[in-house]
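Colleague: I have a structure I would like to understand better, so I am pasting it below and will then ask my questions one at a time.
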């Protein structure tokens, strides 16, 4: 299938891009600038597109993001430290982010006569992000079937929606993902902080997958204390 991958430049979506390039006909990556403080992730998405020799579309929706106030990712709100399974991580929710991005990606796919859009939502996101859950994925597909009826037929591929980030690390390893060329940290500093939810989850995923983590962290060991109160099953 001719497939466009929604790629932020993070570990999950870059791994998905490499997987898609090996299993489908990857025809491009689409990324979004929504005013996120960690905009540097887009540079890693660009590197991925160049590596896989496909077009890279960066869609500027910062004006929209500016109205979705109250998130630590876009506003002057401190990014909390700790595990994603903690209630405090709800500060990182950008309301309706995936719905907005996927609607645009589906429009792009229809215009380019693509067969599918692939997105890297995964099981570890379910606790905090409602637009990463299977119910949302299924509902969005039904909505797009109606929205594009008679014009295009585009499938939503979400192969990681029921699996852990550790499983994505394992999958990325199989498909040759260069993990050092991905960016996760929400704080957007020169190095991964090692303390925010996405850094803790990233560090923990490599550990659980038994794969060496090439990432440079400002605090390489914080994840141990943050993750110690949760079982592997709880952080799916």
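The backbone N, Cα and C atoms fix where each Cβ goes, and this holds for glycine too.
Pulled these features from Swiss-Prot for this protein:
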type	residues	note
BINDING	7, 8, 9, 10, 11, 12, 13, 14, 15, 16, 17	ATP binding site
BINDING	185, 193, 196, 199	Zn(2+) binding site
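Help me understand the surroundings of these features in the structure.
Modeller: Sequence-distant contacts of residue 7 (ATP binding site), defined by Cβ-Cβ distance under 8 angstroms and a gap of at least six in the same chain, are 13, 14, 16, 17, 29, 30, 31, 45, 48, 49, 56, 120.
Sequence-distant neighbours of residue 199 (Zn(2+) binding site) (same chain, 6+ residues apart, CB-CB distance under 8 A): 184, 185, 186, 192, 193, 217, 223. Taken residue by residue with DSSP, residue 199 (Zn(2+) binding site) is part of a helix.
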Colleague: Near the ATP site, what residues other than 7, 8, 9, 10, 11, 12, 13, 14, 15, 16, 17 in the same chain have a C-beta no further than 8 Å from the centroid of the listed C-beta atoms?
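Modeller: Counting only non-site residues, the set is 5, 45, 48, 120, 182.
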Colleague: Need the DSSP three-state call for residue 11 (ATP binding site) to compare against my parser.
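Modeller: Reduced to three states, the DSSP call for residue 11 (ATP binding site) is helix.
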Colleague: Looking at the binding-site residues listed here (9, 11, 15), whose Cα lies nearest to that of residue 196 (Zn(2+) binding site)?
Modeller: 11
Colleague: Just counting, how many other CB atoms are there within 10 A of the CB of residue 193 (Zn(2+) binding site)?
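Modeller: Step by step: centre on the Cβ of residue 193 (Zn(2+) binding site), count other Cβ atoms within 10 Å, giving 20.
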